[in-house]
Amino acid sequence: MAAPKVAVIGAGVIGLSTALCIVETCPGCSVTVLADQFSPNTTSDVAAGILIPHTYPGTPIHVQKQWFKETFTYLFAISNSAEASEAGIHLISGWQVFKNTPKEELPFWSDVVLGFRLMSEAELQKFPQHRFGQAFTTLKCDCPPYLLWLQKRLKATGVQMYTRKVADLWELHSEYNIVVNCAGIGAHQLVGDEKLFPVRGQVLKVHAPWVKNFIRDGDGSTYIYPGVHKVTLGGTREQESWSLSPDPGTTKDIFDRCCSLEPSLHRAQDITVRVGLRPSRQSVRLQREVLSQGGDKLSVVHNYGHGAGGFSMHRGTAKEAARLVGDCIAALQDSSSRAKL
Amino acid sequence: MRVAVIGAGVIGLSTALCIHEQYHSLVPALELEVYADRYTPHTTSDGAAGLWQPYASDHSNLQEILWNKETFDHLLGHLGSPAAKEMGLFLISGYNLFTQPVPDPSWKNIVLGFRNLTPKELELFPGYSYGWFNTALMLECRSYLPWLSNRLTQRGVKFFQKKVESFQEVSGDGVDVVINCTGLRAGELQPDPELQPGRGQIIKVRAPWVKHFVITHATDSGVYNSPYVIPGSELTALGGINQRGNWSEENSTQDHKTIWENCCRLLPTLQKAKIVEEWSGLRPTRPRVRLERETVQHGHGQAEVIHNYGHGGFGITIHWGCAMAAARLLGTILQEKKLAGQPRPRL
């Protein structure tokens, strides 16, 4: 069989990192990225990109921990290199504060992030409405820089990228041997996955360069994530809303909630508002599938449904998807050599 | 009652404000004046990065430790106020790195969340085997000094651009108490062999992805002679120079090279940072802060002087505690004058 032709659908953090992992693990492959949106117009561009995992109810914890650990280790190395500023990756310390003590005092990822510990009484005094807190250091991937950096690395290995709206996976069967579906929320329409649903998130990106620490309310509703140039203020979690238009009432509400956590934000400038639809699912769909029509087949690897945890899990799930692509190639070579007999 | 503050760095201006806040309603005829030849942004304070952190190994006495704590608590109280940004005040977390284990500093319970570094964190800093993490405060004087000046102006304090050559010059003019906040050049008003320059040089770069301070310590180099990186609200300060006895305020190419190479080795991400500014300044170094009263005799009489100088590389860290102490000394003088009864005859 000639060099396997792999199409990756989607150019958000999942699509690009998966394409990169495939190139790294299958050097003989020809990889092409197809997407209807590229940075700065992907869902990933709206997200803050902080590495604080979201827990998937349908995935075993040890698997999620493995994905997170792989992602954290990978980014940790880049964060301390000369590439860090171009890639938009940086360390950030801060606090997760709770109004009510959480059931789980130690999240599964507490030994993956750096320096995790409970907040002291003195630290909690800064948050009079909160009674419990955790302090730690984690990583943040700023977008667009991180996506552009991934694109640059892909282009350097010869990967082509095209703007194309794929309406049906099968339309690719004559051009590609394997299709990797990283379409995110687009998978709802692309493969008709009813288990995938949007969770709408509105955020503000503001200029407040004196804010050096992140603050997150443990209930997930309110957060302040300082990036390289802008601070992301959030947020909302509106289930089943497909609207990408910013809501002014929501903007004011987010701003007020964040200012009550960090009063100096009243002086923030250059406020821009963005909306993203988290591609949410009980578990990430990370599996192989073979489509067939007539005598033709198309190998598919799905890697979508990361919801609020895309950045936290991206490298781990990308590596798993690349492994599944490897399995597809092996299966194709196997049936190809058998066909020759 | 005329009180003249000489010096308009962080020490002079904060002492003036502290005095006015405490006494303006108690002493109706209080007239407060500030004399300085250099004002912001040309003072030594303006060049400092602004990190609240006392020296790691404490030769300081208990009094200085308390003044540090008073300053931190005072600033922490202002953090949530609307003035914080205008003051140049914000929280910042970061790392202190050592090549061997050291005892915890006296200020471990003053800062927030003090702890030792974990092995994984130390992987970030090859060559360093021990360290601390904590959250402290930044107070950027390029904002703080104008803020202090505005508060003082609002209160009717008068400013004079003048190089004062002697205590007599001011007290002979009818000033009742002189507050000497002249920093390194206090020796020009009254010789002080213990006061020496600790020359520092700083490169300011644009590196907004750096969110933590990183301060290294080398046992043989002495304080501030080991690389450090301190992110400000706009620019990041790279430093690591402390030359005793060097009076030059010119930037040195050799020091530039030292700072740049050492800081890039410490934080490889800095290699891509754009250099924006460079500055040299002289820390007013002294074995301990001179904070005391003195009645200085001169030709035409005597001057009541309160000295408040010699804060080395920790002026911002200790300033408010010293300002309060200086104000207390003024209180003593005011009491004495009240007890003495008669106002001083004016010639």
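In case you wondered, yes, glycine gets a Cβ from its N, Cα and C as well.
TrEMBL does not curate its annotations; it predicts them automatically.
Under 8 Å, Cβ to Cβ, and six or more positions away along its own chain, B:Leu51 (FAD binding site) finds B:Ile92, B:Ala136, B:Leu137, B:Met138, B:Phe213, B:Ile230, B:Ile316, B:Thr317. Taken from TrEMBL, the feature FAD binding site applies to B:37-38, B:44-45, B:49-51, B:Val164, B:Thr182, B:312-317.
Residues annotated as D-dopa binding site in TrEMBL: B:Gln53, B:His217. DSSP gives B:Gln53 (D-dopa binding site) a coil state; it is part of no helix or strand.
Feature annotation from TrEMBL assigns D-serine binding site to B:Tyr228, B:Arg283, B:Gly313. Cβ contacts within 10 Å of B:Arg283 (D-serine binding site), excluding its own Cβ and spanning all protein chains shown: 26. In the three-state DSSP reading, B:Arg283 (D-serine binding site) counts as strand.
Among the features that TrEMBL reports, domain 'FAD dependent oxidoreductase' is placed at B:2-329.
Each residue in B:Ala48, B:Gly198, B:Gly200, B:Val223, B:Tyr224, B:Gly239, B:Asn242, B:Gly312, B:Phe314 lies on the same chain as B:Tyr228, B:Arg283, B:Gly313 and has a C-beta within 8 Å of the C-beta centroid of that D-serine site, without being one of the site residues. B:Arg283 (D-serine binding site) is 6 Å away from B:Gly313 (FAD binding site) when you measure Cα to Cα. Neighbour density for B:Thr44 (FAD binding site): within 10 A of its CB lie 24 other CB atoms from the protein chains shown.
Sequence-distant contacts of B:His217 (D-dopa binding site), defined as residues of its own chain at least six apart whose C-beta falls under 8 angstroms from its C-beta, comprise B:Ala56, B:Asn96, B:Leu97, B:Phe98, B:Thr99, B:Val102, B:Val223, B:Ser226. Cβ neighbour count for B:Thr182 (FAD binding site) (all protein chains, 10 Å cutoff from its Cβ): 27. With all protein chains in the displayed structure included, the most crowded Cβ environment within 10 Å among the binding-site residues B:Gly313, B:Gly315 is that of B:Gly315.
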